[in-house]
Amino acid sequence: MKNILDLTKEELQQEVTPKFRANQIYQWIYQKGAKDFESMSNLPKSMREELKEKFTITPPKILNVEVSKDGSKKYLLGLQDGHTVESVLLPMKKEERDEKGNILKEARYTVCVSSQVGCKVGCEFCLTAKGGFVRNLTPGEIVEQVLTIREDNNIPANRRVNIVYMGMGEPLDNLENVAKAVKIFSDEHGMSISPRRQTISTSGLAPKIKKLGEMNLGVLLAISLHAVDDELRQKLMPINKAYNIESVIQAVKEFPIDQRKRVMFEYLMIKNLNDDLKAAKKLVKLLHGIKAKVNLIYFNPYPGSPFQRPEPKDVEAFQKYLLDHGVLCTIRESKGLDISAACGQLKEKSHGCTL
């Protein structure tokens, strides 16, 4: 049987008649959290029986959760075939109430989702790569990560969250399923998470960046850059052999994006490797003419890693150079340092592996 969460609403409309029933089913699953068809009380009994015969609603199992002092939560989720993926809940702003208990400002969250079991790209600094590639996630398996985390944290269905495709896997290597997940998330009868609240991160698959742009999904784009010259980037990210920095930058320049938004460039700061002002100067030159935002990320060490976390003073100096030269730059607040929050850490930890 099919997992009904794999279907966009348009696909579901081909399965049920009349078509408006697809809207109701979406509302039951994505707004009311229904886990079975019998509870969908405004559907005819005959339709509920038919749905039970054709489809399943199969949420993943929560195998492990680690909670950080900063409120971040790292989830290890078990899929139906026994494989596991990781997802992370990142609280961005706390809820504020007045003395009467009325909500002044709603809490804001970002959910980091995985797109594959394992990864083909093989970045040297990423623990997920050590386990190799197993398979792509289905659209439903991507969507289920957010549903599961939302339910586990009692996040109201009408609370908008941001989604970043930055977990395990290379999203553009699973582009068709990721694109379907974007549509499912953004459907008005579902979670109504605007594409502008969804960021797809890529290691730099230049042709797929172009294809993503042609799909006109309206999502935000993030590029995992991490180096400013091909020699170093190739050592850190073998994908650079196929798609060098120049080809990635050209693909970014051609990518359609809302005029109010910017392309994010993620730059992992590694001590004594890419964290000096010489690299900052090259980065400014590289991004000339691009409406970009650079996100500096502290390397999150894992057992056996050959890399080290950079000094805060070096990261701050790097940021200052970029800002002084007209490049918008932020330092990502490190979250989950006490909970194995780097990709792949919780999975390896749960399996008792030492790397």
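Residue numbering: from 1, along the chain as shown.
Glycine is no exception: its Cβ is also placed from the backbone N, Cα and C atoms.
Swiss-Prot annotations:
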ACT_SITE  E86  active site, proton acceptor
ACT_SITE  C343  active site, S-methylcysteine intermediate
BINDING   C119, C123, C126  [4Fe-4S] cluster binding site
BINDING   G169, E170, S201, S224, L225, H226, N300  S-adenosyl-L-methionine binding site
DISULFID  C112-C343  disulfide bond
DOMAIN    105-338  domain 'Radical SAM core'
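Distribution of Swiss-Prot features across the structure.
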residue	record	contacts (Cβ under 8 Å, 6+ apart)
C112	disulfide bond	S87, V88, L89, L90, V164, M166, G167
G169	S-adenosyl-L-methionine binding site	S114, S115, Q116, V117, G118, C119, T128, N136, L137
E170	S-adenosyl-L-methionine binding site	S115, Q116, C119, K120, V121, T202, S203, L205
S224	S-adenosyl-L-methionine binding site	C123, S201, T202, S203, G204, M237, E266, L268
L225	S-adenosyl-L-methionine binding site	G204, R233, I245, V248, F265, E266, Y267, L283
H226	S-adenosyl-L-methionine binding site	F125, R233, L236, M237, E266, Y267, L268, N274
For a quick check of understanding: among the binding-site residues C119, C123, C126, which residue's Cβ has the most other Cβ atoms within 10 Å? C119
Count the other Cβ atoms sitting within 10 Å of the Cβ of E86 (active site, proton acceptor), across every protein chain shown. 25
Which number gives the other C-beta atoms within 10 angstroms of the C-beta of N300 (S-adenosyl-L-methionine binding site), all protein chains shown included? 20
Taken over the domain 'Radical SAM core' (105-338), the model's mean pLDDT: 94
According to DSSP, folded down to helix, strand and coil, what is C119 ([4Fe-4S] cluster binding site)? coil
Mind giving me a neighbour count for S201 (S-adenosyl-L-methionine binding site)? Other Cβ atoms within 10 Å of its Cβ, every protein chain shown. 20
